[in-house]
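Asker: Sharing the record's features from TrEMBL:
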BINDING   Arg57, Gly58, Ala59, Arg100, Gln205, Asn257, Lys258  substrate binding site
SITE      Cys166  site 'Transition state stabilizer'
ACT_SITE  Asp246  active site, proton donor
Amino acid sequence: MNVTVRGRTNHYRTVAFDTAKNSVLLIEQRLLPHQFEVIGTRDFKETAKAITDMIVRGAGAIGATAAYGLAQGARAFRGKDLKKFERHVEIVYHTLKSARPTAVDPVNAMNDVRATMNSGETVEEQQALALAAAEEFANHDVQHCEEIGKHGAKLIRSGMKVLTHCNAGWLAFVDIGSATAPMYAAQAEGKKFHVFCDETRPRSQGATLTAWELAQQGISHQIIADNAAGHLMQRGHIDMVIVGSDRTLGRTGEVANKIGTYTKAVLAKRHGIPFYVAIPLSTIDWDMKSGFDIPIEERHESEVLGAWGITGKGKREYVRVANPGSGAFNAGFDVTPAELITGIITPAGVFKPKELWGRRKQLGFIG
Ligand SMILES: CSC[C@@H](O)[C@@H](O)C(=O)COP(=O)(O)O
């Protein structure tokens, strides 16, 4: 999307690759909305760390980062011995896979890259194929988000008030975003609507990233405290909810997304408000049989006990908020059951969550 920094507007992708430097280029999301900076990782270990430390975050963005990271690691190998190369690629794969556990996109992305690489007969061929496959994954991510926008925009009417949780915008993908795609497409069609962004503690992706994105695009929005949505729904101030997903189970239609999503889905059901989840196809896990099996990331307690912000003098600082001596439990994600979800907005159309399995062919997963 276009970003205006100090009066200059440029188009950026959240994740890109510098072939000459063999470096993954990432927007440093921890600095937003106060500073806009693009960093380059020097090797696959730095790329994995950028995922763990949330320099880059969001299902599609970490999927593309893992795909490029795999290509980066493969391209760094020196020599012609295919067996040694395969052992090296295995290490790169597992390092990137374990960077964050809940989102399935990194695994799906790297499996795609590896499948393409396997058709190469030499180390050199496989290295070239790895980069081509990573580029293809990133381009598909953008195409899928565009398609999600086309289908999802039909659900938004002028005058609507839409709630979203966390950031499933272009910063969480390579471009455009999943939950935001219908909003950007509806805006392009001239519709006027208002978005409530859950602040999304503890990392505040809604207050920092989604709000920044919507402001950049000139979409009317307000940040609300995480616990305000019930009140707004009860008073008729929310017409629909659109969120993203880090892993959607193709067999059951359950959706793992940022902690607090489940609560919003329960509230939406109680108030008869449609609750949509927007996903590219790389977010679907076709194998897992139950939402209880989804690995839920537990992050450091410091995220709950305090917050990062910017001082009056422009310095980025962490402040402790909670009682000194108290600890915290910090689960990053929760799982929303299918019956609370009105529809899944996919690149191929809007489906009931339990319809996904029967639509594998239409979605391109069986021949
Ligand atoms: C990219 S879709 C998932 C997002 O909607 C978002 O809710 C999310 O859970 C991302 O989590 P994050 O921990 O910021 O990587």
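Keep in mind that glycine also has a Cβ here, set from the backbone N, Cα and C atoms.
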Asker: Using an 8 Å cut-off from the Cβ centroid of Arg57, Gly58, Ala59, Arg100, Gln205, Asn257, Lys258, can you name the remaining same-chain residues around the substrate site, in sequence order?
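Answerer: Going along the sequence, the neighbours come out as Ile62, Ala103, Cys166, Asn167, Ala168, Ala172, Gly244, Asp246, Gly332, Phe333.
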Asker: Pop the Cα-Cα gap between Cys166 (site 'Transition state stabilizer') and Arg57 (substrate binding site) into the table, whole Å please.
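Answerer: Cys166 (site 'Transition state stabilizer') has its Cα 11 Å from the Cα of Arg57 (substrate binding site).
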Asker: If you run the three-state DSSP split on Ala59 (substrate binding site), which class comes out?
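Answerer: Note: Ala59 (substrate binding site) is helical by DSSP.
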Asker: Taking the Cα atoms as reference points, how far is Asp246 (active site, proton donor) from Ala59 (substrate binding site) in Å?
Answerer: 5
Asker: Express the distance between the Cα positions of Arg100 (substrate binding site) and Cys166 (site 'Transition state stabilizer') as a whole number of Å.
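Answerer: Answer for this pair: 17 Å between alpha carbons.
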Asker: Please state how far apart, in Å and to a whole number, the two most distant Cα atoms are among Arg57, Gly58, Ala59, Arg100, Gln205, Asn257, Lys258, the recorded substrate-binding residues.
Answerer: 17
Asker: Taking the Cβ of Arg100 (substrate binding site) as the centre, count every other Cβ atom within 10 Å, in any protein chain shown.
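Answerer: A count of 23.
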